[in-house]
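Visitor: Once you've had a glance at the structure underneath, I'll fire off some questions.
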Amino acid sequence: MHFKLLSLAALAGLSVASPLNLDERQLGSSSGNDLRDGDCKPVTFIFARASTEPGLLGMSTGPAVCNDLKADASLGGVACQGVGPKYTAGLAENALPQGTSSAAINEAKELFELAASKCPDTRIVAGGYSQGTAVMHGAIPDLSDEIKDKIAGVVLFGDTRNKQDGGQIKNFPKDKIKIYCATGDLVCDGTLVVTAAHFTYVANTGEASKWLEQQLASMPASTSTSSSSSSSSSAPASQTSQSSGLSSWFSGLGN
């Protein structure tokens, strides 16, 4: 376990030194605090970023999905809310029993409850990346049935609780969950070993956004319904823009 945490720490430094190429659509301009600070919108997107990512939405999958949803005029407006600041996205929290801190899970629950109480007519979609997926796995099961019914869909990228929770979020309909686990991403197999595949999920955000839009389209505008069939999926590995030298470094993690 100690070696794996050291690997994560080293990886954080390398990911800063050799970031993936992100265009303006992916970086976006949302503060990630729209629910707390702004007016109610027809749709609320709640997202938990990956470990070490800055801000409330992070700088990869969160802003990309947020901006895709905001660009869909048919939704009538979207409030994007990141989980934080109690969720610090620290590396060490990955080793906790729930894959993140209790403070992070409780904060996410409070945001879902805030969306439902402040904006009773809003429809909710959610997501998480890496440690952020553990935040969603921890928060959603304990929500009231009324709030769960308001959630149209949840997208999880590089799901660190995929194996532990059986490819689902407990006590939540499987047809409302879309899991992206790239080939070779070992965190999806229940480990803390991070490989290059864990950084490929920006390539899946367009598909994930469209899926959330489809989920919203199937939900009535002011109320929501839940169901129980399964549609959780795995995504193929996509090419990373990092150097071959970095890839070689990753290949030695498990040795």
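Just so it is clear, glycine is given a Cβ too, placed from its N, Cα and C backbone atoms.
Just so it is clear, the model here is predicted, and its values are computed rather than measured.
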Visitor: Based on the record in Swiss-Prot, give the one of Cys66, Cys80, Cys119 in a disulfide bond with Cys40.
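Guide: When Swiss-Prot is consulted, Cys40 turns out to be bridged to Cys119.
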Visitor: Given the recorded positions Ser51, Cys66, Cys181, Asp185, Cys188, state which is nearest to Gln131 (site 'Transition state stabilizer') when distance is taken between Cα atoms.
Guide: Ser51
Visitor: Relative to the Cα of His198 (active site, proton donor/acceptor), which of the recorded positions Cys40, Cys119, Ser130, Cys181, Asp185, Cys188 have a Cα no more than 10 Å away?
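Guide: Checking each Cα against His198 (active site, proton donor/acceptor), the hits are Ser130, Cys181, Asp185, Cys188.
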Visitor: When the number of other CB atoms within 10 A of each residue's CB is tallied over all shown chains, which of the disulfide-bonded residues Cys40, Cys80 has the maximum?
Guide: Cys80
Visitor: Determine, to the nearest whole angstrom, how far the Cα atom of Asp185 (active site) is from the Cα atom of Cys40 (disulfide bond).
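Guide: Cα of Asp185 (active site) to Cα of Cys40 (disulfide bond) measures 37 Å after rounding.
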